[in-house]
Amino acid sequence: MATLKPSFTVSPPNSNPIRFGSFPPQCFLRVPKPRRLILPRFRKTTGGGGGLIRCELPDFHLSATATTVSGVSTVNLVDQVQIPKGEMWSVHKFGGTCVGNSQRIRNVAEVIINDNSERKLVVVSAMSKVTDMMYDLIRKAQSRDDSYLSALEAVLEKHRLTARDLLDGDDLASFLSHLHNDISNLKAMLRAIYIAGHASESFSDFVAGHGELWSAQMLSYVVRKTGLECKWMDTRDVLIVNPTSSNQVDPDFGESEKRLDKWFSLNPSKIIIATGFIASTPQNIPTTLKRDGSDFSAAIMGALLRARQVTIWTDVDGVYSADPRKVNEAVILQTLSYQEAWEMSYFGANVLHPRTIIPVMRYNIPIVIRNIFNLSAPGTIICQPPEDDYDLKLTTPVKGFATIDNLALINVEGTGMAGVPGTASDIFGCVKDVGANVIMISQASSEHSVCFAVPEKEVNAVSEALRSRFSEALQAGRLSQIEVIPNCSILAAVGQKMASTPGVSCTLFSALAKANINVRAISQGCSEYNVTVVIKREDSVKALRAVHSRFFLSRTTLAMGIVGPGLIGATLLDQLRDQAAVLKQEFNIDLRVLGITGSKKMLLSDIGIDLSRWRELLNEKGTEADLDKFTQQVHGNHFIPNSVVVDCTADSAIASRYYDWLRKGIHVITPNKKANSGPLDQYLKLRDLQRKSYTHYFYEATVGAGLPIISTLRGLLETGDKILRIEGICSGTLSYLFNNFVGDRSFSEVVTEAKNAGFTEPDPRDDLSGTDVARKVIILARESGLKLDLADLPIRSLVPEPLKGCTSVEEFMEKLPQYDGDLAKERLDAENSGEVLRYVGVVDAVNQKGTVELRRYKKEHPFAQLAGSDNIIAFTTTRYKDHPLIVRGPGAGAQVTAGGIFSDILRLASYLGAPS
């Protein structure tokens, strides 16, 4: 503090500067010409010598010369003090929802306090809905609606209640005094508007900007209550903008910087609460920064201060890759370049207004989008990443997608356009003359046509202007048509890496094609920051989901439908539940079950069924089963890159759907043997489709449950080996029966035991007939290249002929012991020869035939060594001729069968790009 007496002269010795405070060197000023300045915060105090004048000088470095002060509070300073600039500043902007009520204002104050930056400038919007309320006041007054008075009272009450909840004592009295004074002035102004029936733009801007004044004042009081020094800034005193012809404003950075220095010299503080949205013209007329003006205010202030960063606080966790209201899978983007953010903003993404980015780009100041209601979310950083940024190289080439709806496409076409200078100028001159805005332009390289998109509300004026301007060309035939295509939308794909990544456009258009979406027009600049397409408005959401899924969902994200939630299907669902998190985290395999259907009820979901509750949900919320709706849900109602139906039934009707599913691009996985062992012509048609398409059909579990029988056979064939013979025990039930048909036990006794243990089908005749084994033989034969049908196989049935006509399972089981003698004799004969009986299927590839029969094997033969329900398959090939290749293991049971199906699902994922 300096103390000056009247007629007292202060002279710096040797012209050295007087040092006040300890600001950084960049704030140290030496200006040769003295300037006259009224010092801030003078106050008189009592004391000897006729009264002292105390001058509290702000914390600056000054170069000063002093003059005599004779009873006046003036002194000659070398120059006006400049505000310090640089990374010591952080700028925050809080939108209307952030200061929507008293508690939220407290939350904002807490964020400010917890920011460890040396200096902070905070830009605030009006409280939520207040700006709309202010403009509504103006509209009502202009239309001479007396309710403007009650509406003004509502504005007053909203702020009065908020202030009373936040403030007390002198702070409350001071704020309410300012508030009531402002309301009184507004009432007079609105009365004038009411009488005139009109309000000028500057008049309206002045009225509308009061919400920011009140919220900034309240917040500054709240921050000061915590003990921190804080000043509030009316940015109309600082920000100077020039109106443009497009009803926008351009900042005058030079003049604004001067006024900021002047303001700071009078109001030094390390925390400044500034009004957003409002500014002044060079003539000091109040104005606004128009749409998203508070964001723009923060960006301008950040640039003026050369701040470390500008944080935009809002009510979302950051910038999404697409509108989350339209795309469930939209993700928060960690980083965006300035160009990417600008492009996404231009094309309608709710990020920032494009002009907000311009001021900070000048000084490479990052913008951070944060959620005031979720402080743990890191948000999105908008900055210019280094060209060699490793993380950037690993990201998808497309950062995000945005759409603009309610557009119309105008196509100007004609052979007379080619090579004629000025045609494009004339076209877009017409657009300018009617005040329309061109959103996108596309021109054929032949110059035969130009098409462009404009807002639909402006298309009639534009088309009429064009037809008037080119009427002679239309009559002469130089132009063939001026066509208007209404009800359009623009879809833009944005990404800085698109410029260096081949195939992005191919991927984009293939995704649209798969979704059956037609593209009306295409535009891409040479910078390749965006690819823009025009589509039907009705296809806008569908297209957005399609392209987003193609770029942002892993190629190993599978939309799954499970048919048959019986024993096998239920076990599979439980296995998926237990393993899903591990697969997603460690292998990037995202399995989403969108449908479960039985014969009577089905359960569908758009985002994925909760597999921890699928039984409960199916029972409580299941609807009537409908395979067409089920298929549509799994494949047609979303844009997950891949769809797969898993058929866990033994139903021929379900198997008959495979061809249609594969043709639609749905992968099929199944243990159901009916399709591969059915009529040969249908099987060949199915396999032909599979070979010609890129859709996969896996059926490992049809033969060996969880054993790798099919994959082993294919591996032999694909590596050039030749199959001579396949022989095996491939029925877990019949393996169990003959492994236990020993000693004095009767065959019927073993069958009864197996049935009671759940090893057989509900009707054991389904196992004993040999049909199941025969189907497996047919599958193996066809895999080996043999064209066999079930009718071509001799099958040894273990069902006694007289019992085939039994009308019930009970009757069959009751009469079965009567026929134990024949099998007992065969077993005894085998034992007398040192052999055992085994029920086997045989593929004789050399002689092009197959059989299902009861055979005898030496006790040292691998087939005689089985136990329980194990299966065993022996492959005799040109490579494995003397010693067959043997695959052995459990061949029955819900767990191993479901495991075999699960293995096929993971195999499909690996084919689609999952890491090995």
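The backbone N, Cα and C atoms fix where each Cβ goes, and this holds for glycine too.
For reference, Swiss-Prot has these:
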type	residues	note
TRANSIT	1-87	transit peptide
REGION	88-336	region 'Aspartokinase'
REGION	337-562	region 'Interface'
DOMAIN	412-487	domain 'ACT 1'
DOMAIN	493-570	domain 'ACT 2'
REGION	563-916	region 'Homoserine dehydrogenase'
BINDING	ILE568, LYS600, THR649, LYS673, GLY758, GLU761, GLY893	NADP(+) binding site
BINDING	ILE568, THR649, GLY893	NAD(+) binding site
BINDING	ILE568, THR649, LYS673, GLY893	NADPH binding site
BINDING	GLU700, VAL703, ALA705, LEU707	Na(+) binding site
BINDING	GLU761, ASP772	L-homoserine binding site
ACT_SITE	LYS776	active site, proton donor
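Overlay of Swiss-Prot feature records on the structure.
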| residue | record | DSSP class |
| --- | --- | --- |
| ILE568 | NADP(+) binding site | helix |
| THR649 | NADP(+) binding site | coil |
| GLU700 | Na(+) binding site | coil |
| ALA705 | Na(+) binding site | coil |
| GLU761 | NADP(+) binding site | coil |
| ASP772 | L-homoserine binding site | helix |
| GLY893 | NADP(+) binding site | coil |
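Within 10 Å of GLY893 (NADP(+) binding site), counting CA to CA, the recorded positions GLU700, VAL703, ALA705, LEU707, LYS776 contribute ALA705.
Looking only at the region 'Interface' (337-562), the predicted model's pLDDT averages out at 86.
Sorting the binding-site residues VAL703, LEU707 by the number of other Cβ atoms within 10 Å puts VAL703 first.
For the recorded positions listed here (LYS600, LYS673, LYS776), the lowest count of other CB atoms within 10 A around the CB belongs to LYS600. ALA705 (Na(+) binding site) is surrounded by 27 other CB atoms, counting those within 10 A of its CB over all protein chains shown.
Note on proximity: among GLU700, ALA705, ASP772, the binding-site residues of the record, the Cα nearest ILE568 (NADP(+) binding site) is that of ALA705. In sequence order, ALA701, THR702, GLY704, GLY706, PRO708, ILE709, ILE710, ASN871, GLY891, GLY900 are the same-chain residues whose CB sits within 8 A of the CB centroid of GLU700, VAL703, ALA705, LEU707, the residues recorded for Na(+) being left out.
Under DSSP, residues within the domain 'ACT 1' (412-487) fall into helix, strand and coil as 34 helix, 20 strand, 22 coil. Within 10 Å of VAL703 (Na(+) binding site), counting CA to CA, the recorded positions THR649, LYS673, GLY758, LYS776 contribute LYS673, LYS776. Relative to LYS776 (active site, proton donor), the binding-site residues with Cα atoms inside 10 Å are LYS673, the candidates having been THR649, LYS673, GLU700, GLU761. When the Cα atoms are compared, ASP772 (L-homoserine binding site) and LYS673 (NADP(+) binding site) turn out to be 8 Å apart.
Distance from the CA of ALA705 (Na(+) binding site) to the CA of LYS673 (NADP(+) binding site) is 11 Å. Across the residues annotated as binding NAD(+) (ILE568, THR649, GLY893), the widest Cα-Cα separation comes to 14 Å.
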